[in-house]
Each structure stands twice: as C-alpha cells, then as structure tokens.
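Okay, so here's the structure we're looking at.
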C-alpha cells in the first residue's frame, strides 16, 4: 500500500438501490414521527378517523375563500370571452343569439305563468345520521338542482324539504346561504315527515293520497294524479341501506310505488336513482304524460334501453 493510499479515509460504497432504500426509510421515519405527533393532539373521546375528518373540514374552511375567488375569476373570464366572441360574430354579420355552444338553458318561469298540477313533492331528509360528510354535500347540491328545475318547469308542484336540520342545514348555511333568499318554489321545514303531513289540510287523515317512492316495492307508479303527495327519500348512501324508505312508509301506513325504471333504463345492481333525477322525472311526466319521453329527457342516453330490445 502506498503512503497516499494509507492516508485516504475509508469510504463505504453504497449502491444506487441501497441509497434509494435509505432515502425511503428516512422518509417513512419522518412521516411516522409526524403522524405520532399529530396523534398526540387528538382530543380525548374522539377517534382518529373523526379527528382526520375534522382536520380535513378545517383545511377546507381555510381554503374556501380562495376557492370562491378562483371561481369568481373564472366567471369573469368566461363573461369576457363571451363578449369577445359576440363582437367577432357581429363583425361578421352574424347574430350571436343564433349561435350556441350547446343546448339553450331553460329560463326561470314566473310562478303565475306555470301550469298548476295540484300535486306536491316532499323531500324527506330524516336520514342525516346515515350519511357520510361527502354525501351530505351531494344531497345539498341535489336539492339546489331540484329547486332550479322547479323554477324552470312549465308545470308547478308544491315542493317541501322536511326534517331540515343537523349537518344538512349547516351545509346550506355555510356554503349555500343563498337558499335563504329563495322566496318562491320551495319550503324548508324542520318538522318530521309525519308531523308535516298531519299539519297539512290537503293531506287526508289516513294518508291515502300520499305515495312514498321506493325502489324496493313491486308496485309501479303508472301515472301521477292531482291532489296527491309524492315523497322522495333525501338520502345519498350508495346502496348501503336497503328497504330504508320502504320500511319507513310501512311504519307510517303510507303506500309505496316505484318508478318504472326496469322498463326504460339499464342499471346494474339496485334500481336506485339520485334524488334530483327522481324529482326531474316527475316534472317531465307532467309535461309529457309519458314515462318513455320523461326518461329520455332526464337519463343519459347510454343508460336507456332501446325500444327494439323492449319489444323483443
């Protein structure tokens, strides 16, 4: 060994693979330490899962203002782009109103111009404790769409949300506070379904003019009738709770009916539609008096069963 070699420090050689494993091990250790530190902050009596959900919601609240600003900027940009497009069309001698980028959006119809059906629809929202947080958000968005569809429909139905409270009400207050200015077309009631029905003069004492819509009954809803009340379960549960609305209706002595889904739609698993789709189908039935046309107007084409296959 030369004198130079004797003076060099001993260097351990590490292969690239070993180095990667060392880095991953270090990263895993850091994450483990971070998780242990976070776990120390969990309040007594709260599970780790509940704590994570709470922290996630706090992060969302912290970022909500930023999200709103981004959405506002996008809307402003969209309006600016539309103005530029319209100016370019006018310069070419084209009326912008004759050129659309998609189907025209239905306009809001004044309530006095809507055709009365003398029927009512109730969204029964008594299932708050059976839903996940994201499902509460989904239901609130569906109710917003339901209100919008009701305002744009040619036909007027009474629309009520019962058992309005708990997380659903908090969601509206926090993120959809404009609902407080909805002056016509919908009522929000904290009353339970039973209490609300018993307080309404148009509901018969034996509930014989009330129908609870349920996918778990064999009896089909053939037509809609005036002076009847149709109840839609306000729940998003991905099929976890079977026979929920059916059992509740039976306990209250209310008849159940199913929409004729099997006859018109291809659905895998249980034949359950979103709450907003069910409401829109009821509106479309009043418009067409025909379930086939109603389904074609509401449900995506890929899910519809072809007429020929039904005849075969």
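Residue 1 is the first one shown; counting continues down the chain.
In case you wondered, yes, glycine gets a Cβ from its N, Cα and C as well.
Not measured: the values here are computed from a predicted model.
Here is what TrEMBL records for this protein:
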- 237: active site, proton acceptor (ACT_SITE)
- 213, 233, 245, 259: S-adenosyl-L-methionine binding site (BINDING)
- 63-90: coiled coil (COILED)
- 23-32: compositional bias 'Polar residues' (COMPBIAS)
- 104-306: domain 'SAM-dependent MTase TRM10-type' (DOMAIN)
- 1-59: region 'Disordered' (REGION)
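A map of TrEMBL features onto the structure.
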| residue | record | CB count, 10 Å |
| --- | --- | --- |
| 213 | S-adenosyl-L-methionine binding site | 24 |
| 233 | S-adenosyl-L-methionine binding site | 26 |
| 237 | active site, proton acceptor | 16 |
| 245 | S-adenosyl-L-methionine binding site | 25 |
| 259 | S-adenosyl-L-methionine binding site | 23 |
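The domain 'SAM-dependent MTase TRM10-type' (104-306) scores a mean pLDDT of 93 in the predicted structure.
Annotated S-adenosyl-L-methionine site 213, 233, 245, 259; additional same-chain residues within 8 Å of its Cβ mean position, judged by their own Cβ, are 212, 214, 215, 231, 232, 256, 258, 278. The two recorded residues, residue 259 (S-adenosyl-L-methionine binding site) and residue 237 (active site, proton acceptor), show a Cα separation of 19 Å.
When the Cα positions of 213, 233, 245, 259 are compared pair by pair, the longest gap among these S-adenosyl-L-methionine-binding residues is 14 Å.
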